[in-house]
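**Student:** Below is the structure I would like to discuss, written out as structure tokens.
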Amino acid sequence: MKSCLVVDDSKVIRKVARHILEGLSFEVREAADGREALDACLASPPDVVLLDWNMPVMSGMDFLRALREASLSAKPKVVFCTTENGIAYIRAAIEAGADEYVMKPFDRETLQSKLQIVGMA
Ligand SMILES: [Mg+2]
């Protein structure tokens, strides 16, 4: 069973993502900010991280940079998830180490296709 860490400060988004991902047979964990997510990855790296951009405590971008510098036993794929649809944001995220991105609001088909692109569904 593949594992996904859903990182978003919105409880509603986490719930929606969890529902979709469990329907795709993922084992799902949640984190409410980048710091919680980093701790979760250091404790046990997931196969894939679904990552929000704007969060308190530690943003998605700061998390991404910290994740790529951390020495983990396995390197999670990162699907960056955002409402910021400017190409500059997407480019910055890819440069910081994101593997793919998905625009909010996303549905099951969209998320599944992005997970397929990174080899996770
Ligand atoms: Mg947010």
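Cβ atoms here come from the backbone N, Cα and C positions, even for glycine.
According to TrEMBL, the record shows the following:
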type	residues	note
DOMAIN	3-119	domain 'Response regulatory'
MOD_RES	Asp52	4-aspartylphosphate
**Student:** When you measure from the Cβ of Asp52 (4-aspartylphosphate), how many other Cβ atoms are you left with inside 10 Å?
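**Tutor:** Within a 10 Å radius of the Cβ of Asp52 (4-aspartylphosphate) lie 26 other Cβ atoms.
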**Student:** Reduced to three states, what secondary structure does DSSP give the residue listed as '4-aspartylphosphate'?
**Tutor:** strand
**Student:** Would you list the DSSP helix, strand and coil counts for the residues of the domain 'Response regulatory' (3-119)?
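**Tutor:** Counting residues by DSSP class gives 52 helix, 25 strand, 40 coil.
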